[in-house]
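Listed in Swiss-Prot for this protein:
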| type | residues | note |
| --- | --- | --- |
| TRANSMEM | 43-63 | transmembrane segment |
| TRANSMEM | 66-86 | transmembrane segment |
| TRANSMEM | 120-140 | transmembrane segment |
| TRANSMEM | 146-166 | transmembrane segment |
| TRANSMEM | 191-211 | transmembrane segment |
| TRANSMEM | 242-262 | transmembrane segment |
Amino acid sequence: MSERESWHKEIDLFLVAMGYFTRIPMPKWVEVDSDKLNKASRYFGLVGLLIGLLSAIVFWLTQNWLPAGVSVLLAMLVGVLLTGGFHEDGLADTFDGFGGGWTAEDKLRIMKDSRLGSYGAIALILALLLKWQLLVELALYDPVVAGSALIVAHTVSRVVAASIIFTEKYVRDDETSKSKPLSQHQGINELFILVASGVLVLLFLKGLAALSLLLVMIGLRRLIVVIFRRQIGGYTGDTLGAAQQICEIVCYLVLLIVGSIL
């Protein structure tokens, strides 16, 4: 394979990843199959970086003319519009299932129900409020830090969530599932590039903040995996969305705590 063909292949995989995670229209020449989707997992972190960067740009462009709370809300809105609330939906479904079901089968059945239950609604409202409040506090502390936090959190949270695919069992037996192709034939190259994107984005942060966030994310991933195993024996697409949302919130929390003591 020539260098040009190799670059074209990687660009194609990135676009497949972007098409999976966002509502951004893809070029007509981009074709998606299970093999491509598996290999595209290496770029899930970079898609998060793109979403975070666009959100941060909106925040930076508006924060000089609007109250911090409004600028943060607009930045959050950009993220939701870009993804179609993909991860937020997973968070709500996961909390509905984990909160309302007794057995793993009950939980999986409830999670598949398109209706929003009380557990999911509460989780979704609290998650959005937490993100908004933490980002507002970061914005009041330093607008540059707040924008950087958006970039880092959107990237790192997706890296952590996607890494679960490589070590855990996919438990939903549903051929129409959007996440099932990702559960098959993941390679070490995909994992290496995925993790590297998460580590490199920490360069946006100072040394203590980067180290603190790295250690917390490692511990949080372990905790999330243990909970998923106990609840349903593995993961589904919904639980990956929940993992992303939880990790994003914790990213903001860690950066706020570290920033307050520096």
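Note: Cβ is positioned from N, Cα and C throughout, glycine not excepted.
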Cβ contacts the transmembrane segment (43-63)/the transmembrane segment (242-262), at least three under 8 Å, sequence gap 6 or more: no
Which residues of the same chain, at least 6 past either end of the transmembrane segment (146-166), have a Cβ under 8 Å from a Cβ in it? 21, 41, 44-49, 51-53, 55-57, 59-60, 63, 72, 75, 79, 87, 135, 138-139, 182-183, 186, 190-191, 194-195, 197-198, 201-202, 204-205, 213, 217, 220-221, 224-225, 228, 235, 239-241, 243-248, 251-252, 255
Do any residues, 6 or more residues outside the transmembrane segment (242-262), come within under 8 Å Cβ-to-Cβ of it, and if so which ones? 87-88, 90-91, 93-95, 127, 130-131, 134-135, 137-138, 141-142, 145, 149, 152-154, 156-158, 160-161, 164, 205-206, 208-209, 212-213, 216-217, 220-221, 224, 228, 235
